[in-house]
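Chemist: Submitted below is the structure of interest, expressed as structure tokens.
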Amino acid sequence: MTLDERDLELIREELGRDPNATERAMFENMWSEHCAYRSTRHLLRQLPSEADHVIVGPGDDAAVVAIDDEWAVVVGIESHNHPSYVDPYNGAATGVGGIVRDVLSMGAFPIALLDPLRFGPLDGERVPYLVDGVVRGISDYGNRIGVPTVGGELEFDPSYERNPLVNVMCVGIVRRSEIVRGRADRPGDVLVLVGARTGRDGIGGAAFASEELGEESEEEDRPAVQIGDPFTERQLIIAIREAVERGLVKGCKDLGAAGLTCAATEMAADGGTGVEIDVFKVPLREEGMEPWEIMLSESQERMLLVVAPEDVDEVIEICRKYGLEASVVGRVTDDGYLTVKDGDDVIARVPAEFLADGAPEVEWEEEPYSYPENVDVPEPDPEDLVRSVLSSPNVSPALREWVYRQYDHEVQGRTVVKPGHDAAVMWLQHEGLEDVALALTTDSNPRHVLIDPKTGTEGCVAEALRNLATVGAEPLCLVDCLNFGSPENPRVYYQLRRSIEGLGKAAREFEVPVVGGNVSLYNEHEVDGPVNPTPVIGAVGVIRGLDYLEDFPREPEEGEAVIVLGETREELGGSLYLIEYHGIKGGKVPRVRYREERALHDLLRRIARKNMVSSVTDVSTGGLLAAVAELLGPVGASLSLSEVPNSVSRWDFLLLSESHGRAIVTTDRPDDVLGAAEEAGVPAQVVGEVTGDGVLRISVGPVDVSLDREELEELWRSPLHYLE
């Protein structure tokens, strides 16, 4: 990135002179889209972020939300998209490391990771290499630092072929008395740099993330990708937590984008102070580094602590006990400036608040667009349709299992509901939380968002909260990771603005605060153009009282009833069926009917917590066909889906509509479930029973389909040949 003339004029006016080379480099990174959110700050302000239980909202390294009077959950979400295309293994690994340190910087102990991933079609020349590298990077790093990866998403679409999306969400737990903020608010305090030595890896990473990828990116941009060291990260987690427990940490920041410049500047700006950094005191991994390189290096596994002078020796002693370097590199001042020194020489001096928050906001031109709602859909051959949908990489449970089997999802011994379900459940175990768990999920549907950005994003929120409800959880908060193309493209900027509007509307309707997030723009390639608009929604819920989870969810047994909850409507816009099977972009995108959706969520929580059901899944990508196959295929069932509450005109629409507000449950107490549904005002119908013979029989209108377990598993496993 380079500063434009308007930026330079503003900087000259503030400084009263031209910025020198070091100052200019710092402004280029701090005022990049990646750091400054220049195109989205004004849009994000409309999101509801406040609630009585929100302790720290947007603006710090991670959000903090109260669980009770003593404990809080810390949650953050980040993207590492460009680095993961250039170097998939290290790009993904350092994405994990960075978000873990964000959660750690708030004083929390990280307990879970989720990884929403998006790639091009598996038959793409470079895609299997990207998938393998990204999954190994996440697996190796997460497993070695001892934080379980318990959920996420996996999607394949041509728009991601040269710009994969690698998002990571991290959740931690902290005593409210031990929460640390990313600020330096006491002049005289000392800045201590802890962790790995500083090298040249990742220099300019913030600027690199603010540009589109090109044909030469794999080689030209490799120096902008950081290299991770999970062993050092593990020691950092232990050491920082010990220092926090002893009350020695007054402020803390991860050194991520723009490195030491960003960490020091934001701490000063948020604390209303200044900071002085001496680059001569920064431990280096490479000789001959220039001051600007030291200030902008994004070398991993480094954190900047604010420590009282009298506590410095104790903090350094703790770090050394765990084999970590810890060096005093500066101090907090009262002058409001970031002053960079090299020994006695002043290298740079700029107002901290101006550097952190002074980048002008940008409103780009936008170009509204729409796709036709009324589209002609050829009637398919039933056998071909069923096999095509169930063998899609976007449906295959086997492909997702191939991913999560590489992760240690049970380390720490907290994982009660494991990957493969609609939401993960993590038992908290701590004193006072023995009967409390967190439910975690991430969700997005870029195909819906592409066709209708606002309505599609509302649906992403509804699905995330619906998934929490399937395991009996009450929602606590949302975070978002907004992955879009260049805002300079008028269609993309329209998508971005409307998507954020949809997120805000849904959050207000469901009364769940959006407490933090990440914006990743310029996700496009000079050949392929922008990725599909991809707002990933992370949701955290709380469960109080865990007895029902001893026997839920479980595999359904022979004779249990299968019940479909909610109405299926003729809403196929952006569906897997229209886009992937027919190649049609258009149709009516599923609309969120908030009263109906809230009623379903309440019902799902009730029937789960009262052990009325053995298993449950919501209906989303791939419609009823994908949902019943995943839930019932391995055990076998006989289903008449024409009985489903519906308002559709064709059997294929009934089978593959992606209407919201629906779920499928199995139960040996059908009368109780139907009674609860009637009381909640949710349409419900028994559509068949579990047979236990390993054969899935589906009757819908004039069509009868039968698949045995082996056939179904063969379809699900068919995409794996690209990866094995």
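Glycine is no exception: its Cβ is also placed from the backbone N, Cα and C atoms.
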Chemist: Please pick, from Gln46, Gln226, Gln235, the residue that Swiss-Prot records in the substrate site together with Ser79, His80, Asn81, His82, Arg101, Glu298, Ser299, Gln300, Ser520.
Modeler: Gln226
Chemist: Say Swiss-Prot lists Tyr37, Asp480 as binding ATP: which of Gly456, Gly504, Gly516, Gly517 is in the same site, per that record?
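Modeler: According to Swiss-Prot, the candidate sharing the ATP site with Tyr37, Asp480 is Gly517.
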Chemist: Using an 8 Å cut-off from the Cβ centroid of Tyr37, Asp480, Gly517, can you name the remaining same-chain residues around the ATP site, in sequence order?
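Modeler: Other same-chain residues with Cβ inside the cutoff are Thr40, Leu44, Pro58, Val479, Cys481, Leu482, Gly516, Asn518, Val519.
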Chemist: Need this for a regression test: recorded positions Tyr37, His80, Asp254, Asp480, Gly517, filtered to those with Cα within 10 Å of Arg101 (substrate binding site). What's left?
Modeler: Asp254
Chemist: Relative to the Cα of Asn81 (substrate binding site), which of the binding-site residues Asp102, Asp480, Asn518 has the closest Cα?
Modeler: Asn518
Chemist: Around Asn81 (substrate binding site), how many other CB atoms lie within 10 A of its CB?
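Modeler: By my count, 26.
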Chemist: About how far apart, in whole Å, are the alpha carbons (Cα) of Glu298 (substrate binding site) and His34 (active site)?
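Modeler: One finds 14 Å between the Cα atoms of these residues.
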Chemist: Excluding near sequence neighbours, so keeping only residues 6 or more apart in the same chain, what lies with its CB under 8 A of Asp102 (Mg(2+) 2 binding site)?
Modeler: Asp61, Ala62, Gly76, Glu78, Cys170, Asp254, Gly256
Chemist: State the count of C-beta atoms found within 10 angstroms of the C-beta of Asp480 (ATP binding site), not counting that atom itself.
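Modeler: So the Cβ neighbour count for Asp480 (ATP binding site) comes to 29.
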Chemist: Would you measure the largest Cα separation among Tyr37, Asp480, Gly517 for the ATP site and round it to whole Å?
Modeler: 14
